[in-house]
Structure formats: C-alpha cells, structure tokens
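Here is the structure we will look at, set down as structure tokens.
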C-alpha cells in the first residue's frame, strides 16, 4: 500500500506536530474546564497539553463564526475524561480549534459517553483529524441539523466497542456533500477505504482531511509518513520506535517518556501518569482540603481502600489491626442529608464538631449507621437541630466521648433543639457516653421523654452543670399542645420566586425568654394544611422551616423572606415563637400564627417538551408537542414561529453524475399515529400518577437507558442554564408581524441558521393547544419551527425560551419539470448545444440533468450533466457527433428525485462539405464598433477626473485654522478596509468607542483585537484634527505598562484612533467587581498583598516611563488605569472615564473639571503640576487598590476636600491595610513635594516582591531607565497650562483649558 495514498493530509498533520514541538517534553496539565457563555473563555485552554478531567464547551448563544476565526489550541493532545459540546453557536468545525487532539481516555464518563456533541446548530463537520483513540465510553452525536461527514468516519478505528454509539437526529446523509479528498476529482490523494457497519467507503473527517489509518500491526500508531510508532505510543508520534516522541501514551507517562509501568519510586495517578511520593503527598481531591492522598499497591489514591489507613506522617496505606482507626478533620461540619455523611464513612475520630440538620427523608437510620456508626470520639460539640427525619440517635452506636474542645455558644457540648420526631437516644446510656466539659441542652423535642434525658445526665456526668431551663420539662416530652398566643401577620409581599412576610412583635412576660422565631412553609395546592410538622403519609418531611433571629430594635417587627420558591404556586405559612421559661412557677408561654395561604407571582414557563413534526402534503407541516414541565402560570397559548431554511449550496460543488445519489425524504413520523396526548387525562393535583406499564414490567433496557440519559441531560441543562426573560412582549405581536419578526431575529437570536436565512421571512401564529398546522409552505423545503409557551402573565413576564424542530415538506410532483422547449444550436461541424430553462421552483436544489438522445435508427444514449456543467452554457455541448438526424429529451433531478422528461427535440449534424462562414463576417463588423466605444469612454473618464480634483476647501478663519493645524498622515496610517467594528464599548467625549479587529496590524497575526476611538459624525474639521493631534502624542510612547497607540485612520469618515484593547476595563471598575457583594463579581478572590504590590509596581513603571519622557499625567487615578486580559495594569484609558465617573471631578471657580480628591496640595493651591504631584496621586491610587475602589475622603464634599488637603490633611489609614503599602502611601503624601519619592525610587523599594515576568517587560529594568535613573528630574507644568499628556485621556484638561 503506497504511503502517499495513505497520507494525503500528511503535510497538514506534520505542520501540526511541528507546532507542538517535542510532544511530551512540554506537557502542561490543566484541571477540568467548564467553558461557557463567552468565546474569550476558551483562552483558558491556551497552554493546556492535557485536560486532566473533562472539557465542557457550551451555551455560547451570541457567538458567530467570526469569533472563532484564528482561534486554535494546537497544544491540546488529550482529555482524560470526556469532551462535551452543547449549543455553541457559530462554531462550524473543531478542525482549527483542536487540530492535535489525539486521545479521549474516558476515565470518567458523562452517563457512559466520552464524546458528546449535542444541539450544535452551526457545526458542519466534527473535524478532528488527529483523533486516534477514544479508549473508553461511547460517542453521542445528536440533534445537530447542519452536521455532515458522519458516514465517512470509521468509529471502529477509534473505539474498542463502537456498537454503543448513539448518532441520530443530525443532517440527513442524503443532503450532505460527504466527499473525501481525492474522490470525484477532489484535490489530493484518495483516503483509505475501510469497512464499518457493513459499509465500505473512503474515510475522512472533512472534505480536505482524511481519517488516520495506520498500516501497522496490532493497532499501533504511526508517524505522518506511515512509519510505526513505539508500542507505548497512542495517537501518533513524531519519530518511529521512540517512546519519547509520542503524542500521547498508551499506558503511563513520566518525565517525557511513555512506559508500560511506573518506574521505581513513582506511583500511578489518574490512570495515565506517574507521580513521585512527594507529589502524591501534596495532592488534594478538593483544593485546600485537609485530606491528603495515600499510596496503595503502586497507585496514588484520594483515600486508602477499606481495611487500610495511613499511619502518622507516612503517606502509605497500611492494613489495620482490627477496626481501622480513621481520623477525619472536619472543622464544623453540617450534615443536612445522607449524602453529606459519605465522607465520614469509616471515621472513628472526628476532629471538629458535627451539626445534624436532617429535615427530610424516611428511614434514614440504616444509612446513617453505615456512615457514622464507627465514630467513637468527637473533639468539639454535637448539635442536633430541626432534624424532623430522626426518630432515634442510635446510629451513633459507638460514640463514647464528646470532648468539648469547642462548644455551642461557649457553653454546650451536646445541644439538641427542635426535633419533632426524636424519641430515643439510642445506646448512649448503655455505651457510657462521656462529656468531660460543658453542658447539655434539650428543648422542643416533644416526643423525647424526660427520663431519657435525665439518664443521660447521670451517665455523662453532666448532672448539676445545667439549669432546669436548659432541660425544659414543658418543651421536652410534651405531646399535648401548649397554651399559646396567636401571632398576627401585618405585611406580605409576593414576587415570582419569593414571599416577604412581617408579623407583630411578641413579648412574653420576661423579654429575655423569647429566643427566636421559626417560619414553617410548604407548597399547598389546596387550603387543607395542618400544623403537624412530622413526616407525611409518604414518609417525607412536609414542612420547610426557617430560623428567624430577633430584630435588634424592640420596636421593629420581625420578618423574613422565603426564597427560592416556585412561581405561581400556593404556599401555606405559619410562624411559631421559640421561648425559654426561666421561672419555675411561671405558666407556659408560647405564640403561633394561624396558617395563611399565599401565591407567588407568575413567571415565564420552561420550554415545551417533546416537539415532533411531520408533513402530509407539499405545503403543510403538522407540529405537536407537550406542555412545559414548569408552567409558572396558566398556559393560555403557544407562540409558533417558523422560517424557511436555505438549502446547502455546497451540494452544487459535487458532480452527482459520478456519485451515488441518495435523496432526502419527508417520511411520516409514526408518533403522530399514537394517541393524542391532549386526550390523555392529566393526574389530578394532590394524587399520585398511575403507572401505565403492568406491574413488574420494566421498560426495555435500551429504551430505559435512553430515558435515563434524556432525564439526566435535561436535569443538567436545568441546573446549567438560567433563561432570561424574553426581551419582547407578546401583546405587540399582532401590531406589525413583519417588524416583530425582525425584532425576534435581532434580539433573541432566533433562526440564525444559514448564511442566507435572513432573506426569508419569519412567520408566527398563536395557538391554544399543543399542536399546530402550518400551511402555505413551499414544497420540499426545510423549515425551522420554534415553539414558545406563554401563560396568562406573558404581557409582563414574557413567554418561555424556544424549543425547536426541523421539518421538510413533501415534494411537489410537477415542480421539477423543465419549462418550455429544448432548443438547439449548431456549433462547428459535428457539435450542437442544447439549451433549456431550469425549473423555476424545483423541489430543493437541482443536482443534475439527464439527456437522452439518439441518432435515427440507433439505440438511445443517456448523458448525465451536472448542475455546474449546465451553468456554463445554459445547457450541454454535444460534440463529435456523426452526421445524421437526432432527437433528444431532458429531465432534471432534484433533491426530491427525478422530474418528468421534456418533449423531444429534433436536430441534425451536417456533413463535412457544409461550412459556416458567418463567424468571420460577425468579427469583421464588431471590431471597429468596439474600438470607437473604448475611445469615447476614455475621454469621459479624463474630464470627470479633472473636474473632481479641482474642488476647493475654504476656511472661514484661515489665520486661525492654518496649515500648522492640519493632520498629515504618516507611517501610523492604517487603511480603513483593514478595520472591522465588532461592538460598542462606551461613549467618550469626542465620540463612541468600539471594540474591533484590525487585520495585518502586527506581524504574524491575521487579526488583532483593538479599541477604536471615533469622532462624532457632526464634529467639525477642526475637532477631527484636534482629536488626531491628541492621539499623536501617544505615538512617542512605547512601554509595556502604558496603553499603546496602534494606528490611525485619518482618511475618510469617521476618523479612527486605534488603541490597544484592555478587555477587563478600567481598574476602578475591576476593583469594585472583586467586592464580595458585587453583582458582576467574576468569581475571582479579593487581591492578596502580592497582587496589590504587583498592581502598584506596574502603575509605577508606567509613570516612571512618562516621567523619563518629561510628561506629567495630572489625572492619575484608578479610573484612568486599564486592566488587560492577563490582569496587567497599564496607564491610559479609552476616553470614557470622565463620562462614566463624572462625579469624581469638581469645577473650581468656573474653570474646567478638576479631580480634587486625587490632586496634590500644590496643584490645588497654585495649579502647579509636576512628577511630584503625580506621585501624590499615585498614593491615592494605592489607597483605592487597598479599599477596592472606595471614594477617597468619603463623607466630605469637594469644597471640604479642597480645604482639608490644603490645610495638611491626608486620607485616613485603613485598619486592614498592609503596613508595607501604608508606609508607601505616607511617603507619597508628604506635603513638601521634593520629599516625595520618585517612581523609580518606589520601584527600588518593591522590586524584590514583583513577579519574575516584570523584569522581562518593564521600563524599570530596561537600559533606557538605567541610564536616566540617576538624573530623573521632576517634570513641571505651569499653572493652568494644558495637560502635558493629552493622549492619556479623552476629555479636557483638569483646569478646563481646551489646550489650544
């Protein structure tokens, strides 16, 4: 077998491997990644060679194809668990994204699947040319309406058992142009043919990338040249028979080598690599968790197997003698479910405290005993509260000691509160439980007899430590209802997912006797709830409860917010006061409200379920679905939208005369023949649904697996997606359907399927039931149909998100007929051209034509003509025909099949004696006429150009707007056609600021993300020139810590200034987003001291550079520092900060806006701005970093700040401010300017604490700084002069002078 035939894609793969460098030497391991919402999140994969865990890429609804252009992660070679892709819009192939992904190991699977590609609306091919192995698990590719090249993949080459794969609901193979390289005249050598699923075909991932088929024995991998790799290699290699040159390892990886077993002194970890004992000892299953890994039988494990434990400081697992002692460090652990006890299995010594809060469940004791039954010692306290599911505490059958190292409220070692069904303390009395310190507390345990508590006092040795009130006889063991006072609700407010309540203040005789309130609530479709708070008839807890602390003010009414609740659901609620009676002779006191019923507000429903469709004619589609799982109101109608989809134009590329043509169909969905779901009775509320299957009859295994997967996947979606309210309101649907359809398409992103789909109108209808008939459709055309559920509150909450289905109408039997007659024209001696018109409205696309022609007295010949061949001449050229009389007829073949034959046309071929001289006569006539026309056009063009160039530009004030004010394009000029605008970033003082892409701006980069500053359309020529001159100041700056100017577009409108894009915005916004209570918190921790010093160093470095360039900033503040994607802080802005933070400025004496809270005293007094005054501002920026961007001098007005600073005041010290930063601030705020340090001196003090990367890119470590370091003099600006650094901000100077 020839190597070139095996490897037509070898050059591509070779380049990919070269881009990896030494495959295993540079391994970078990343943990599991969940990448969603934004395409930029994919950058987290940038340095990953292996994803140790799973990789999920999902829910990118706003993405477009352009967002993925140039995005590639060639370093990624393997994923150890599974790869999941779900609803990523705009992504057409994984070919460029993961060109070298070679192995999916499947160590942990997603419900049995290692590769899941689900509902990817724009994916056209999988395109993983390097993928060579899916070691474990099946493949699920489902509901991807544009996905092709599935029939050309031999999954048997990738998987040991491909029979479990689930590949359904994708684009029909008959509609796909699944042509492999080298087939039907395609470029390259043909791919290898294999047999899979009984079908022999060429194997490829795309039309330009073959599937890898190695000519090696025993399934070995191979190089791009077909040479066999080492037996330990998997997925390919760069050198044959070299275990160091593998793309991935078949068994184990260690220090760049693939090995069958781990070397001595190393241990297997995560089934694919070897680690040292030292590294294993540092691993944690949960980062930051105390429990360390252990080594057992050559493997590094998260915990030792049963019967084994770690002894002391040893990392190795040893067999226990008898019962394994197991120490578990838990801190203070709350157990609110059986699952929460699973990490205590086998624990005998609990170092910490346990809080049991088991409110729901039935017959939990066996499972709790299995998980907690070995516990002998608790070093802290044991608190059992609100555990309505507990009847006994016997599951602590071995508990012998509660040591009391920490106690509840500093007093109680055992605390048992409000356990409505607790009856027994188990074997504690018999086992001799000891409580050496602290008290015990029992209250509100109505079924727990007092004698059990008194016995426990004796055994534990706590008798006499606690008062009678701490074991209250009236709240323990008292089944009878106590005499209580009625509480009255005074306020309630309902929302979609919450209820706000307030009730009257209850005051017992002794105010200190009132401890708290408990609010009980539950769903109650009928107003028949009782106050019983134990398990219901089904054994589950009926009431939810919430502790409410007493208000601090005695006049304030207590209240609570119940959340999260279900929309449009009736809840029963009552409140009970928890009291403690200290006086022995005092009557029992208590208070409780009656049960009230409240209904939450409606919300948008969830999506309709199980939508199906079929076609019963060429112009109709039938659609049916089931109601949403959560209606969140009364469903009043369904909004149905449908749009015609464009046919795949790529089908024209193939020559269907040479390729077997399998045509798409519009088969009837048999599910329509089943019973109408509308006729099935819904279960009555409050009753259990009946089982349709006979008792004991289970679903078939395959169907059960399918149901399980669908339920689990839908649960995953339910928890993973928060569907926002629809941005449109249903009440406006009938006002202007066309406008509303456009709005749907623009705002909700619906129906963005093909390149030309926007040319087709979106239709809509409202239907009252779960079915719709769509009429007036085009024959044999695919439609996307979206269904939204709308309830009675749709006018305020909107309808649900859409569920969608794709369906094709049936063909029209006459649509593929060729209109008119076939005509012919003789060309040459033995050739004719047959012309005919295409069917004006065919069934889908016309793929080919068939011409049946015959010479009189001979057999007919059938000629196939592809659509491309027809398009060249509008017919077919029949050549080399012998003389004689002929007849011919034509028929078209569309996606729906063959059309009807045309009527025959007769033509003849003349003999050799007849020659056509007409062509020469025509040529002699046309040539002179054409020459005269060319001369006339040239003359017109000359006069028009001369007139255009004579236009004069005048100035009303030529003395003021002189030549010196004109902007002259230079080497910074960028052609406008290289710029693409993506989205708005904000409004600057000159005009709008956009995010964009610039092509060819940087060497080696196809496109560069940039920020584009513009001038308003109504700006004068002077304003445009001033805008460009301000930007020109930045041309002199080239420092890593100053935002760079990248180019200028001065020719044409609008004028653009191209700046470096700082994706995380200004430092002030970034710091505020890191506050714990911030709504836009990105999930990042608050900055540590090292992070703060790094920010300070980067700002100081940028300011040192400006000082060396003799520039004074005059407005240094966090709002004027920008943060890049990698969190680097730079000096500069996008001209937006004054608009966003205008309150940070103050107008003094009718002049311009001044940033008084950041200004030095000499600047406030005399208007003097120097590098020393910038240092003062730097100190304020440090204060902003420490406080996460609080406003300086909070509580003082701008006038008060002016007086305070000029009188010698400085910002107050923060309690939690690091001493190092506080000292730096004090030095920056010296009132004598020359006593303040320079920026270089500041860097001298903190250089040792900056990250190593700072040395590589900073001005401070550059030769330019070292030369000028000793001679840096403060740069001064005269009072009220224009700002020296015009380019640093896009608004006017602080003193209000326009600068000219």
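Going from the start of the chain as shown, residues are counted 1 onward.
Glycine too: its Cβ is placed from the backbone N, Cα and C atoms.
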- [ ] Give the range, chosen from 922-942, 943-963, 964-984, that Swiss-Prot lists as transmembrane segment.
- [x] 922-942
Task: Assigned conformation of residue 280 (disulfide bond) - DSSP reduced to three states - done: helix
Open item on the list: Using a 10 Å cut-off on CB atoms, tell me which of the disulfide-bonded residues 233, 304 is the least crowded.
Closed with: 304
Task: Local confidence of the domain 'Fibronectin type-III 2' (607-707) - pLDDT mean - done: 68
Open item on the list: For a quick check of understanding: among the recorded positions 246, 262, 300, 317, 993, which residue's Cβ has the most other Cβ atoms within 10 Å?
Closed with: 246
Open item on the list: Within a 10 Å radius around the Cβ, which one of these glycosylation sites has the most neighbouring Cβ atoms: 311, 885, 898?
Closed with: 898
Open item on the list: Return only the integer: C-alpha distance in Å from residue 47 (N-linked glycosylation site) to residue 246 (disulfide bond).
Closed with: 18
Task: Shortest C-alpha distance to residue 616 (N-linked glycosylation site) - which of the recorded positions 233, 246, 492, 898 - done: 898
TODO: Pop the Cα-Cα gap between residue 985 (ATP binding site) and residue 634 (N-linked glycosylation site) into the table, whole Å please.
DONE: 41
- [ ] Do me a favour and check the Cα-Cα span between residue 492 (N-linked glycosylation site) and residue 528 (N-linked glycosylation site); whole Å is fine.
- [x] 21
Task: Surrounding CB atoms that lie within 10 Å of the CB of residue 280 (disulfide bond), all protein chains - done: 22
Task: Rounded distance in angstrom between the Cα atoms of residue 985 (ATP binding site) and residue 898 (N-linked glycosylation site) - done: 55
Task: DSSP-derived class (H/G/I helix, E/B strand, else coil) of residue 991 (ATP binding site) - done: coil
